[in-house]
Amino acid sequence: MEKISVAVRFRPPNPAAADPSPGGAGGVAADREWRIDDTRVSLLHRAAGPVPGASFNFDHVFDGAATNERVYGTVVQGLIGAVVDGFNGTAFAYGQTSSGKTFTMNGCDADPGIIPCAVRDVFDAVRQTDDREFLIRVSYMEIYNEEINDLLTLEAQKLPIPNRHFGETNMNVRSSRSHTIFRMVIESSSKSQIDSGDAIRVSVLNLVDLAGSERVNKTGAEGVRLNEGKYINKSLLMLGNVINKLTENGKQRGHIPYRDSNLTRILQPALGGNAKTSIICTAAPEEIHIEETRGTLQFASRAKCVSNCAQVNEILTDAALLKRQKQEIEELRKKLQGSHSEGLEQVVLKLRNDMHKSELERDRLAMELEEERKLRMTLEHHLTEQQKKLEGLNNTSISADQFTDSIQLDALKTPDSKDIPDGFVAHRSRYSNDVEFSPMPENLDIVTDEDLWTRLNKGCVTDLDMLEMTPGLKRKASLLQDATSAAPLEETTDARCQRLEKDCISDRQQLEESNARCATLQKECDLLREENLSLQRELSRSKHEADRLIAEKQVQLDDSWAIRAELERDLFSSRQEADRLTAEKQELAGELGTERQKMEELKQDIRVISRAFSQREGQLTSLYTKSKSILENCKASQVGTLP
């Protein structure tokens, strides 16, 4: 989309300008003036400063010193190259009466206007383009009272250019009473034999000089001039309505009333169509025209919001259309077999490589994780064994303590005591009727129970037979030696327990580190698994996208083949029709030759008849002369015979 280019041009001030209407705006606007910058126009009050809501921005702004050549070079000249290249182009001047529209478009000998400069540049561009042939057609029309007149008609049935409708008003001595449209239709085709099947470019350049908008109280129009002003204002109103509709957005736009006026119908491609458009709004700087100038600037601001979609205009012949379809088919084939498919294959291959790498990394991490698990199980097993050993050593330590206590207790026993066998243990009396009580002697007050005695001596009784046979000192020395050997055993057990505790602590630390590393590896494995899933999804999407693109290209290829087949059928029928027409042409040529021969024969006959007629006419003339002379002689003889 391309915005319409809008420029504003102020004509030089007219010192003799005065408000033609009594009590007009001259006194009201006496304190206001326009400030002109490069792209901005502002209304200033000499006392109060800038007037609110009266500041406008445009693409270009020209003051009264600007020449037509400068305006053309800035606003319109860029359209000429585009028109020669096949784009439609339109430039028109809009403004109030006497603001300089016609001078801007036509100019004078010293300062040519837009139309002469455009025609000059079009032919210069055509001469510089060597690879194309051009056909240029020109028309010059006017819209007068909603009627379209051809100003270049050879029959001169309508008004020629010198007689374009002008009229005198209070605003202008020579006021345009019609809209004029200078149109150039440019057709071009390639000269090359290779590109002979290319399309024919057809572009249109419209250069429009609109009639001025006017107020009746200022122009003083009456009669015919008043009627002309009504049609002028109506067409300009329709143009403004079209501009307003085009500036609306979305559903609010609705129907655009192009058909309400011949002017808008002709300018339809230039307004919201496919043309490059430039608008030159002319304005008068005098204080009495401030309101009209403000209206012109508001129109220009609205027109600045209109967008066109410019594109090259081409007419395709059957051969050109067939050639383009073949080119599109070849391009589609190249896309299917060439870089696009290779690009997709490279993407798929890259994704597959990434997925393979991630799978290898996942397997490696899984192996490391399994090794860490085995190591952890080994450490746990080793720790369990160490704990069992520690518990065994603790039990051994307890047993050693008990053994030491037993040795110390044995050292305090009677030296000549020993464990008695069960056979020597005293039993209860068989003569006791009470099962729960031992027999008590009646004659003794204190009697030691045999069971109590046996318990106190831990089952040991004095062996009277061995008492005299065992040396007492030797027995005592042996017991003391066993008591002294228990102390190093206890010290060795404590050291080993401490060492085992240290090993257990170290194993626990290694186990914790192994667990932490296993957790880290598990997280990395999960991340790689997620990445692998993501890559698989991406690969699946890429495959689906590739399949979709291939399907679309296949559909386009099938459509292209169908179009090609249809075009070939049309071309074949066209060739048959051409052959038939050629045969008819040859037949007609033969008939024409026969007719020409007959005509020559007729001409010969006519010449013969003409010669015979001439001879006959000569004979008749001589006979007439003779008869006349005879008649005169007869008359003379009759006169001579009269008395």
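In case you wondered, yes, glycine gets a Cβ from its N, Cα and C as well.
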Which range of 10-29, 290-309, 510-529 is region 'Disordered', per TrEMBL: 10-29
Mapped DSSP class for Thr102 (ATP binding site), helix or strand or coil: helix
Neighbour tally for Gly95 (ATP binding site), based on other Cβ positions within 10 Å of its Cβ: 28
Per DSSP, three-state class assigned to Thr97 (ATP binding site): coil
Integer mean pLDDT for the coiled coil (312-396): 77
